[in-house]
Structures are given as structure tokens and as C-alpha cells.
């Protein structure tokens, strides 16, 4: 599939010549927001490292963890200040966020969608391997319903937006299906039957599929043509950033909960060694008389991670509420978009 895509792009995609005047390397470097890069990248790195180490490698009260969180917080405050100072040469130009309210709310929507989506992509295979005692390959087979439903829903949403013109409608559908589906996934237990774990995955994936492309459509519809490329890149970045941060959050919650539960429920067990053994070797490290207890603990901790995905799916509501209802059909045909006012939005 990747090769076919490559061939298609090489032979059929045509890029219009840029109307901007040629710039020297020095001029481009002067416009590069190096201070913004220096502030933003360490912000994310410090936060992710703190989440990775906290409660496991080091306690949350450790000086290292506190220092990482403080540095991340200080840099996170300094970054927007620097962006304001840089003006149009900032990593995120002001006018991209202030042209219309749709842009920041669409970014919020896709940030939360990325967070909830990647949490389930990351933890569902673990649930199958540990709780259902299947191999890594079989866990991939068990998540086919998840992936196929999303692909189908994405196609349906694309056709639907082309027909009715309003991407916001599919944002709301995405919100409903994702919230209901993720809520049902949090009911998983050791004895969850096949019909439920398939059905719940499909329900959630329909929601994520409906919403996965809507934020980028929203931004492309409302921003000036010169900002479309930058706006599209920012949408994709926010989606991946949400996944990166909240997968780490969910992983931290899972690890800390599991360590405490195993230490409390299984006397004399080396909880850290059990976790280090991985999902496929777990049953070899657990005495038979404690296996049921450990599986229940593992399931409870995975459900805690799923609940973070549920929370982020619910927070998508704030993004969907703020997005304006504009038609992409008129915009595609006439070069502009039509705004529709709804009194309650």
C-alpha cells in the first residue's frame, strides 16, 4: 500500500509553483523561531521523562521528578510569552489562532481525540495478551475489528462531509460514539465475552473514525489560503502530541497501580520483576494459587488506563462546541466557505 501511494504521488500529484520570492539560507534562518524550538522541545521531554520515571524508577517526591516537572512547567509558561514576542515569525503565528475561534477549538478536539485513540491502541493489545492469554499476533487479530471499523467510519465521514458539507456534524457524531464506546470498554473484566469486546471496540472506533479528519477540514476551511499548510501541520502535531502525553500519563497510572496492587495482594512477590517480565511471560512468574488474583489486578489497572481514555473522549465536547458550522461544499466550489449561525452554539 505504501508503494502504491508513493507511485501515485510521484506520477499524479502536481505542486503549483510558489509565488513567494526566493530567499537566501540566511534569510530563512533569521525567520526560524529557534528560541521557540528550544523552549518547546524540552518542555515535552521533561514532562514525558517525569511521567515515565515517576512512581517506578523514582518516587514522585524525588528531587529528580520534582525538578523535571518544575522545569517543564516553567518552560511551558515561557513558550507562549516567547511566541507573542516573535509575532509573525513565531512557530505558531498569532493570526493562525486568532482568525476564527474554530482553529483553537479544532486543535483542542484533535488533541483529545489523539489522546484517547492512542491510549486504546496502546493498551487494548496488552489486555488481550494478559487477560485472554493470547500471543502478540493473536492480540493483533483481536484488534482488527477496532482498526477496520475506524477505516470504514473514516470513509463514511469523508463521503458524508462531501454530501452535506458540514464537518461539525461528524465531530458531534464522533464525540457520541467515542464516549459511549470508551465508556463500555472501561467495563472490561476477566470474563468479558467475545461479543462484547468486539462490539465495544467497533463502537469506539466508529467514533474515532468519524472525527479523525474533521479538525483538519475545519482548519482548512476557515483559515486564509496562505495559512492552510501551517494549520494542517499544526492539527497533525496536536493529534500526535495528545497521544504522546496521555499514553505516558496512562502508562504511569497503570504502572503505579499495578505495583501497589501486586505488592498488597500477592505476598512475597517481586512486583517489579513481574512487570519487567512482560505480558507474554507473566503467567510463568505467578504461582498458580495467585494467578486469578493477579489477573484481576491487571484488569483493574488496565481499566484505570481506559478511564483516562474515556475522560479525554468526554473532553472532546469542549472542542466540538467551539467549532463553527461552515460548509466545505460552497468553499470548494466558489473558493470560500459559508458560515451558518446556530443560536445555541
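Heads up, residue numbers simply count up from 1 along the chain you see.
Each Cβ is built from the backbone N, Cα and C atoms, and glycine gets one as well.
A quick note: this is a predicted structure, and the numbers were derived from the prediction, not measured.
Looking up the ranges 12-32, 33-53 in TrEMBL, the one annotated as transmembrane segment turns out to be 33-53. Among the ranges 280-301, 302-323, the stretch that TrEMBL annotates as transmembrane segment is 302-323. Contact between the transmembrane segment (302-323) and the transmembrane segment (105-128) is present: at least three CB pairs lie under 8 Å, with pairs separated by 6 or more positions in sequence. Between the transmembrane segment (167-190) and the stretches 33-53, 105-128, 229-250, it is 105-128 that has the most C-beta pairs under 8 angstroms. 229-250 is the stretch from 65-85, 140-161, 202-223, 229-250 with the greatest number of Cβ pairs below 8 Å to the transmembrane segment (105-128). Remote same-chain partners of the transmembrane segment (33-53), defined as residues 6 or more beyond its termini with a Cβ less than 8 Å from a stretch Cβ, comprise 62, 64-65, 68-69, 71-72, 75-76, 78-79, 82-83, 86, 89-91, 241, 244-245, 248-249, 251-252.
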